[in-house]
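Asks: The structure that follows is given in the form of structure tokens.
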């Protein structure tokens, strides 16, 4: 099972696994190849070996059960019909995998013919038929050298047989062919890898999900028809806001509205491009992650790929997370301080939190319930459940932590692995009012306090890694939870975004006149910081070395500061007219629709990628070109699904929030009295930053 929320660590671990396989001595590899080649075509070997099956073949050293007898009866029928060359029996053996070709190149899996096995339905009597059951059999080639060196091949048995029955029979078959004892510590066949054509009946939660989705679709359709055909006269004007809240026509107009750069001085136009490119980086990185666990014909080529400079862009795609933390802090401060200036320092903190929760939760809640109920039924395949939907079962136990945004601390089994980012971002948002008050009341002193806080948290990460010997490259115990998921270890980019946002707020409307040398120096420093973050560990990868804990601690601590610092100049240069082509590209209005879809797209993009991976029926070939082709398909379907989610859920619920909780409504107010530097007291209220700016969430992305 694969947790899709761990992009960079899993990419690094997978390449290390490939390295361990390819580092096996040549003579040992030859020995493993010789051992594997003796297995031949397993289906034929099985039918030749078990021509007369007895109970002893299924249940040695124990009394036979009813399940044993059913399996024995169907296997006996299979062997007899094989002798008679009955088509159904031939199909069952024909669907087996065999020892794959290209073992030395890393092709260690044969998927057989999944559909041929599951379509078997041979009627024996009016009340009984033999159906196919597809499973994976695992056979270690060189168990004494590396547990990773094992073959996986498909087997097809009667559905009445359990994985234990298959394990017993295959173990004897392998021992007979290879004349060697196999360890009983690990089963050759696990029930988790088995599939049958039988579909599970819909449970109450699945029916509830279908009903809710149907209601949403009906509301959107009816509202769209009303919006299209009903005139917007004075008589119907009171109905229009509620109708348009669910209208696909009205929400699509908002989604695809393009605003020329520079139209609104309060909008930082280049952030749309940065947001979209970072999201594309996330999707592209996850496509590579899925391909790590795909049945590649040339798995050994990963060892070459991981040593390339290009691979650094994917192995360090987690910097997209730091980009979004930076944007979150930046937009929060720019918008909130602007509003606090108008209201003289009033913060309606409860309304801020409520707005934030209502902004994020509808999409997340729907994603969780769809993930648990609908997606497992949307397809099947030999890999379905192994490289996709890895935690939909555990969502039943941990879903509420995700809706409380505490999953990064409360549990090791996160429902929707990539949703950990939402928890970190929400927790940072909860403490944000304190930082906003400090900046508004104490100005530069408040900024200095935030800077010291950032240094303390960075020091905490460094010290914790050294004292507890924590690592992302060799994770053990709670390394991932403490380093990768924890809010206090991921806060540096967010705090730098807050400080940079304060700098922009203080200098709003000011034009900086910089010399060409200063601009060139700014770009050189910015690019140096960004490229250092990406390629600092390239020499280690090239020479297949692993950094020490001290080196890794320095790298993680410093790069989580260096990356957002490099982004500061990028944003500043674009705002001040020193961005050139970069600003023209990032500030293009064409980014705006995708930017508005980015939250829904992030939440659902792993559904598309893991669904496609689970539908795989044959072995794949790994290359950068093949991954690129797959990326464009996944990305296109992700955008389509995000559009549907936006029209059905995100936009309607956002509109309802605006109708029920208008910004000027006094509602539940916690009056926080703040006196700015050199200012006067005021008693007023400011609501949460407007949803149009998405200031708390640019967008809720992470890997």
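In case you wondered, yes, glycine gets a Cβ from its N, Cα and C as well.
Because the structure is a prediction, the values reported are computed rather than measured.
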Asks: Write down the single range among 177-203, 204-230, 231-257, 393-419 that appears in TrEMBL as transmembrane segment.
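Replies: Here TrEMBL associates transmembrane segment with the stretch 204-230.
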Asks: If you check TrEMBL, which stretch out of 141-158, 159-176, 339-356, 357-374 is marked transmembrane segment?
Replies: 357-374
Asks: Per TrEMBL, which of 100-121, 276-297, 650-671 is transmembrane segment?
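Replies: When 100-121, 276-297, 650-671 are checked in TrEMBL, transmembrane segment belongs to 276-297.
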Asks: Any residues 6+ beyond the ends of the transmembrane segment (487-505) with a Cβ under 8 Å from its own?
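Replies: Sequence-distant neighbours of the transmembrane segment (487-505): 268, 321-323, 325-334, 337-338, 408-409, 423-425, 427-428, 432, 435, 439, 447, 450-451, 453-454, 457-458, 460-461, 464, 560-561, 563-565, 568, 571-572, 575.
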Asks: What else in the chain is close to the transmembrane segment (204-230), if you only count residues 6 or more beyond its ends and a Cβ gap under 8 Å?
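Replies: Counting only partners 6 or more residues beyond its ends, the transmembrane segment (204-230) has Cβ contacts under 8 Å with 236, 239-240, 243-250, 366, 369-370, 372-374, 377, 647-649, 652.
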Asks: Which listed stretch (276-297, 357-374, 420-440, 517-541) has the most C-beta pairs under 8 A with the transmembrane segment (447-467)?
Replies: 420-440
Asks: Counting only residues 6 or more past its boundaries, what in the same chain has a CB within less than 8 Å of a CB in the transmembrane segment (357-374)?
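Replies: For the transmembrane segment (357-374), the nonlocal Cβ contacts are 203, 205-206, 208-210, 212-213, 389, 392, 395-396, 399, 402-403, 405, 415-416, 419, 422, 426, 599-600, 603-604, 607, 645, 649-650, 653-654, 657, 661, 691, 694, 696-697, 700.
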Asks: What does the DSSP secondary structure composition of the domain 'Nose resistant-to-fluoxetine protein N-terminal' (68-196) look like, as residue counts for helix, strand and coil?
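Replies: Grouping H, G, I as helix and E, B as strand yields 48 helix, 32 strand, 49 coil.
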